[in-house]
Amino acid sequence: MEYTYLGRTGLRVSRLCLGTMNFGVDTDEKTAFRIMDEALDNGIQFFDTANIYGWGKNAGLTESIIGKWFAQGGQRREKVVLATKVYEPISDPNDGPNDMRGLSLYKIRRHLEGSLKRLQTDHIELYQMHHIDRRTPWDEIWEAFETQVRSGKVDYIGSSNFAGWHLVKAQAEAEKRRFMGLVTEQHKYSLLERTAEMEVLPAARDLGLGVVAWSPLAGGLLGGKALKSNAGTRTAKRADLIEKHRLQLEKFSDLCKELGEKEANVALAWVLANPVLTAPIIGPRTVEQLRDTIKAVEISLDKEILRMLNDIFPGPGGETPEAYAW
């Protein structure tokens, strides 16, 4: 496994991040334990989750599964760089009228305590804002996070799904307080979704943030099975997406065959080739999927292959640099 620094921090993390969103939903607890053991055995020590995972009435279930795995011992917790998120409501009846989306000091304090309890740990390495809060002032948000960092319950703060200007605003407000602020941004990024190249990646590069890519396989479209799936089993939305990108996916599949590599691994290797990217998040449902995916870090894409991929999946922006989006 390869390792890199988490943004501008001195903390090193694996180039693949284990996503756990399926745990307790599509992946049962026993299989989730095996996946986490296998990941750690192969050097993947960067794990990502969120307090909302498990979804609906089961919100928090994924964190609980990870906590049970930590409780098995074997230095599991000590070996993992753990990231979780806050923002969404998790149907806690004690929250009353505050059971809503947001990043108030009240919510961050209460929901961090809930995450720590479910995860059976006393600290989180990377605590992430799952979305931007347009209502709560930055003074309150940063006061909440600073308090948790000073208490030792949180090491670093990250964001997720922020626009480029949100990152700049957040950092400017943190600097006023002489606080480190953000160290990462988690963002949707793949060969099929390159919008982040217009604003988010340039902002992250300038601010010294590591970018963690979610949905690097574009919801499975780049996984190699989309074109082979039974049309009768597809949802209307899925069928429309496949038809929209059919020509691109066919060309991509042909290129991967020439390279002798699986589509999913080439798609991940492309993300890894971007120097702004810390790691793509992989979300295996089975141990077998994880074993296949780990091979992505061994693939090196030369300039010609990167050019060919860019021809198949052109980035955004047109003729003007970064589209002058700001």
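One-based numbering along the chain as shown.
Just so it is clear, glycine is given a Cβ too, placed from its N, Cα and C backbone atoms.
Taken straight from Swiss-Prot:
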type	residues	note
ACT_SITE	Tyr53	active site, proton donor
BINDING	Ser215, Pro216, Leu217, Ala218, Gly219, Gly220, Leu221, Leu222, Gly223, Gly224, Lys225	NADP(+) binding site
COILED	242-305	coiled coil
Segment-level pLDDT (mean, integer) for the coiled coil (242-305): 95
Cβ-based neighbourhood (8 Å from the centroid) of the NADP(+) site, residues Ser215, Pro216, Leu217, Ala218, Gly219, Gly220, Leu221, Leu222, Gly223, Gly224, Lys225 excluded: Ser190, Leu192, Ala226, Ala264, Ala267
Chain-internal residues near Gly223 (NADP(+) binding site), provided their CB is under 8 angstroms and they sit 6+ positions away: Leu217, Glu263, Ala264, Ala267
Residue, out of the binding-site residues Leu217, Gly219, Lys225, whose Cβ gathers the largest set of other Cβ atoms within 10 Å: Leu217
Length of the line joining the Cα atoms of Ser215 (NADP(+) binding site) and the residue listed as 'active site, proton donor', in Å: 15
Number of other Cβ atoms within 10 Å of the Cβ of Tyr53 (active site, proton donor) across all protein chains: 27
Spatial separation of Gly219 (NADP(+) binding site) from Tyr53 (active site, proton donor) - C-alpha basis, Å: 17
